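K.L.:
Before I ask anything, let me first share the structure, which is written out below as structure tokens.
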């Protein structure tokens, strides 16, 4: 999916103009004030790009940024950043955390969860402080920072496909989860056909309904304008997480619950199970590929750098994320032990399976609605990365901003592509450990190497050794997770139900 979209988005044209701008980092660089208003004609737009680019010595903005949805509005604040971080950081993947504890056990499960939380929080701190260079340049896209740190070729090779997958692939997965949850909601409300026709909508039709709703909401012009959407997404995420773990401990436990690790046929299977559990934990924390994009919505001035309000937003949001994820993992494992379904949904499926008969349907229906709304809201943040890529390719060629109708067309096109992918590859969640292992360095390794390449700390000093060690550990962990996921797929097989969601 990511490779196909890479070709469709015209990567070469997009990257060339931007890299030329990013490469001019001289000591004489200065901040050029750039208006966010659009030129009124194609000729004005061409003159605007030409004159601004000629005077621009590595300043705050690429002049083209004033036209793109990630950077055209920089009027955000700590509150809007917090909301974006919450909405993009809490996801349905957290409902699988009890599965990891079932293999690792109580002690090691909580230790690994705490270490992963601290690790990704540190790499977020690195990214936030790399957003602004000493010359005044702002890196409002992960790929821009990667190409600056590693060079154009290595930066694109290491980050382009992972970044595009984490954006487009997440949107595909959200359609699968949101559409599947809509199907569960219909089944619950219809009481399995007792009160209405539970088969009135097929799974494909549920995917289509979700996609249409997502495309309608996606008509907001830029990331900064999504603050209210992120507010709704944050509230719904916290609400359904709290309701799920509260229901898990509020209902009686089954008498045959076991907290012992599942029996494995061989040591290799046991080792693979441990690595897959670690993969579930490290992949439960997401959003690194939109950290710089969210920070790019904040205003910058010489006296007010963006890393201070952004870090306040991270501190608030990740405190709330921890208050959601840790209770989910602990309460879910306590309630269901090693019986938590390892399929998509995790605790969501467990509640329907074990407590569907003694839980009011209105409560179950409310949880399903909250999940659907949260998926719709999260779709907008990750989708904005792709919208920005599409518009960047267009504005690089035409030297003018996208018309409103063209923006709408880009969003409809992307919605159609993700819907097709969701229907064609509904088992994408089964490949998440494998693909997640390949994209893991974006969150756990690359920020450390970027810090060394850009900040140039003293060789063999504390920061140099710490970042080199953590970065290398992240690469090793990524390789081990890929091997474990491949081994698991080879030993257990893959139910590849193409076009049969």
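Backbone N, Cα and C atoms are what each Cβ position is placed from, and that goes for glycine too.
Residues or ranges marked as domain 'Amino acid transporter transmembrane' by TrEMBL: 75-484. Marked as transmembrane segment by TrEMBL: 79-99, 106-128, 163-186, 198-220, 226-247, 313-336, 362-387, 408-428, 434-454, 466-490.
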K.L.:
By Cβ distance under 8 Å, which residues at least 6 away from the ends of the transmembrane segment (106-128) in the same chain are close to it?
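P.N.:
Same-chain residues near the transmembrane segment (106-128) but 6 or more away: 97, 100, 142, 145, 259, 277-278, 281-282, 284-285, 288, 291-292, 295, 307, 310-311, 314, 318, 322, 325-326, 329-330, 333, 443-444, 447-448, 450-451, 467, 470.
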K.L.:
For the transmembrane segment (226-247), which stretch among 313-336, 362-387, 408-428, 434-454, 466-490 has the most Cβ pairs under 8 A?
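P.N.:
When the Cβ pairs under 8 Å are tallied, 362-387 comes out ahead.
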K.L.:
Same chain, outside the transmembrane segment (466-490) by at least 6, Cβ under 8 Å from its Cβ: which residues?
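P.N.:
Distant Cβ neighbours of the transmembrane segment (466-490) are 119, 122-123, 126, 268, 271-272, 275-276, 278-279, 282, 430-431, 433-434, 436-438, 440-441, 444-449, 451-452, 457.
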K.L.:
Counting only residues 6 or more past its boundaries, what in the same chain has a CB within less than 8 Å of a CB in the transmembrane segment (79-99)?
P.N.:
113, 177, 223-224, 226-227, 229-231, 233-234, 237-238, 241, 244, 277, 280-281, 283-287, 290-291, 294-295, 297-298, 309-310, 312-314, 316-318, 320-321, 324-325, 328-329, 332-333, 336, 340-342, 344-348, 371, 374-375, 377-378, 381-382, 432
K.L.:
Which sequence-distant residues neighbour the transmembrane segment (408-428)? Criterion: at least 6 residues beyond either end, Cβ under 8 Å.
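P.N.:
Apart from its flanks, the transmembrane segment (408-428) reaches 1, 5, 8, 168-169, 171-173, 175-176, 179, 203-204, 207-208, 211-212, 214-215, 218-219, 383, 386-387, 390-391, 402, 494-501.
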K.L.:
Who are the chain neighbours of the transmembrane segment (163-186) in space, where the CB to CB distance is under 8 Å and they lie at least 6 residues beyond its ends?
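P.N.:
Same-chain contacts beyond the ends: 1-2, 5-6, 9, 92, 142-143, 198, 200-201, 203, 206-211, 214, 286, 289-290, 344-345, 348, 352, 365, 368-369, 371-372, 375-376, 378-379, 382-383, 385-386, 389, 414, 417-419, 421-422, 425-426, 428-429, 432, 435, 439, 442, 501.
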K.L.:
For the transmembrane segment (362-387), give me same-chain residues lying six or more residues beyond its boundaries with a C-beta closer than 8 angstroms to one of its C-beta atoms, as numbers and ranges.
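P.N.:
Answer is 5, 9, 69-70, 84, 87-88, 90-92, 163-164, 166-168, 170-171, 174-175, 177-178, 181-182, 184-185, 188-189, 210, 213-214, 217-218, 220, 222-223, 226, 229-230, 232-234, 236-237, 239-240, 243-244, 247, 289-290, 293, 348, 351-352, 356, 407, 410-411, 414.
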